Amino acid sequence: MIFPTLEHILTHISFSIVSIVISIRLINLLVTELIKPYELSEKGIITTFLCLTGLLVTRWIYSSHFPLSDLYESLIFLSWSFSLIHIVAYFKKNKNLSAITASSTIFTQGFATSSILSEIQNPARLVPALQSEWLIMHVSMMILSYAALLCGSLLSAALLVFTFRNKSNKFFQLMESFSFDEIHYSYERSTISRNPYFFSGKNYYKTQLIQQLNFWSYRVISLGFLFLTIGILSGAVWANEAWGSYWSWDPKETWAFITWMIFAIYLHTRTKNNFPGENSALVAALGFLIIWICYFGVNLLGIGLHSYGSFTLMSS
């Protein structure tokens with residue numbers, strides 16, 4: 001009884017800490033200089049990472065297998081992966097990525113501890129297909145790839161938003177310049193814009209932000225693509241041992257292949273100098289939806305060789 005109780009405590013502590021961190025961030029948007037959200041966020045997520053690590057170790061001990069056998073355990077591991085990426089972003093001093101990973105952690109952790117998955121929160125005996133040493137290698141690589149690709153896709157989506165806003169502001173400024181009533185106002189604005197402090201304080205910051213989003217989205221997606229490739233290859237080897245075939249076009253396998261293709265296209269477009277960065281970010285944003293279909297949507301169907309990862313929305 002001590003291990004299930006410890007798991008229950010660690011689960012709710014980690015969820016509570018991340019909830020408090022997100023709440024403080026939202027409060028700080030309304031009341032400035034009240035607290036220092038960034039420093040508090042780092043301490044909170046590091047504590048959450050330690051709690052989730054303890055939770056996974058605890059479940060591993062009393063279930064006698066690595067905790068990646070069902071959707072609930074994979075969601076906990078996904079939350080752990082987000083918090084791990086958050087810690088890496090902390091050492092790299094990347095606040096944009098930290099905001100995304102903190103929000104992603106509370107989303108996955110909240111869903112994992114909700115009543116929707118209450119029926120599969122208790123550990124069960126592994127089905128014969130999962131009783132293999134490939135369980136750790138394949139599933140951990142796939143979940144880590146999902147975490148990295150989701151974070152990179154969200155960074156690309158943020159890049160699209162800031163780029164669109166930057167271009168729309170330039171468009172409205174151009175329309176103002178053609179207005180007869182605003183000629184004097186436009187002249188004053190052009191005079192102010194000649195001030196170097198104006199560019200360094202506003203336009204330069206926007207440019208730097210867009211460049212950072214572009215840089216980190218590419219790096220994080222590249223890492224996630226590497227994990228995804230390793231996960232698919234190790235899964236093919238495992239499938240051959242368990243089912244006698246490397247590839248069966250199972251729904252999970254099919255959507256994993258589609259996910260791989262989407263981000264392969266993204267990485268290919270990034271190598272083309274004449275290909276706009278906004279179009280590459282659009283491909284990555286599309287990949288965000290594909291990942292959720294592959295990871296979560298297929299489980300709603302409960303069909304195919306990976307049906308052991310499915311769940312029911314309503315209890316019988």
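For all residues, glycine too, the Cβ spot is worked out from N, Cα and C.
As annotated by TrEMBL, domain 'Cytochrome c assembly protein' applies to 68-306. The transmembrane segment annotation in TrEMBL covers 12-32, 44-62, 74-91, 137-162, 216-239, 254-269, 281-305.
The average per-residue pLDDT of the prediction over the domain 'Cytochrome c assembly protein' (68-306) is 77, rounded to a whole number.
With a threshold of 8 Å between CB atoms, the same-chain residues lying at least 6 positions outside the transmembrane segment (254-269) that come near it are 142, 149, 221-222, 224-225, 228-229, 231-232, 235, 275, 279-280, 283-284, 286-287, 290-291, 293-294, 297-298.
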